[in-house]
Amino acid sequence: MRIFGFMLILLLGVANLTLDRRLPPQNVKGGLLNWTTLKNPAYAIYCISGITTFLGLYTSAYGVSFHVPGAPIQAGIPNDFAFYFIAIANGASAFGRILAGLLADRVGAINVMCPFIVVAAIMTFVWPFVTSQGGLIAIAVIYGFSCGTYVSLLPAPVMSMGAVGDVGRRTGLLLSFAAFGALGGPPISGAINSATGGFEGVGWYAGGILLFSVCLLLLTRYLHLGKLAGKF
């Protein structure tokens, strides 16, 4: 993780120093993060959904079962193969990201994210009870694909939740909130695993919070559109 962190610092540092503005800078009020955007109920709920989704998203198939020490052995998987699940999930995620963009153009980002988060939740409920290598590979593929759709589409709904000139700060605030979920999810799952001595409780926790996140996304769509269904 430290190596990845230093790589990101280097690459993003070069990008920030060499990128050129497309538009001239503007004097905007509110500083780096525009907290007034939270007065938009749809945006506020969407930010909360970012926290809750990441609380569960990175604590299931490849976030917990293949990172917690001893998990591969408990699942009946050799240690020398267990680390491949990360690559399998990430590889499937790439295809999910591509398909997500194509579908979102037609039906809307949230309308694509919701069903795939439900699929991820189902996989999260299932994986603690699967002990075969082939079964876990299938879960990693389906789960990774589903996660890829959400991660790639996460910033998309923000575009229509305010002025175009402020979309950068809205996106930054959303991702700042989501970071708390990504940081808090694995320790919570680890605590559940330690307390229960197994992964069943972790699966119920992570899957349940993912389904709760779907409810928040549907509420976001309703608040933004003013109706239960529509492209968003």
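Positions of Cβ are set from backbone N, Cα and C atoms, glycine also.
All TrEMBL annotations are machine predictions without curation.
Listed in TrEMBL:
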type: SIGNAL; residues: 1-17; note: signal peptide
type: DOMAIN; residues: 6-232; note: domain 'Major facilitator superfamily (MFS) profile'
type: TRANSMEM; residues: 43-61; note: transmembrane segment
type: TRANSMEM; residues: 81-100; note: transmembrane segment
type: TRANSMEM; residues: 112-130; note: transmembrane segment
type: TRANSMEM; residues: 136-159; note: transmembrane segment
type: TRANSMEM; residues: 171-192; note: transmembrane segment
type: TRANSMEM; residues: 204-223; note: transmembrane segment
Chain residues in Cβ proximity to the transmembrane segment (204-223) (below 8 Å; excluding those fewer than six residues from its ends, i.e. six or more beyond): 41-42, 45-46, 48-49, 52-53, 55-57, 59-60, 64, 110-111, 113-114, 117-118, 120-122, 124-125, 157, 185, 188-189, 192, 230, 232
Non-local residues, at least 6 beyond the ends, that sit with Cβ under 8 Å of the transmembrane segment (112-130): 53, 56-57, 60-61, 65, 75, 96, 100, 103-104, 136, 139, 142-143, 145-147, 149-150, 153-154, 198-200, 202-204, 206-208, 210-211, 213-214, 217-218
Model confidence over the domain 'Major facilitator superfamily (MFS) profile' (6-232), averaged pLDDT: 85
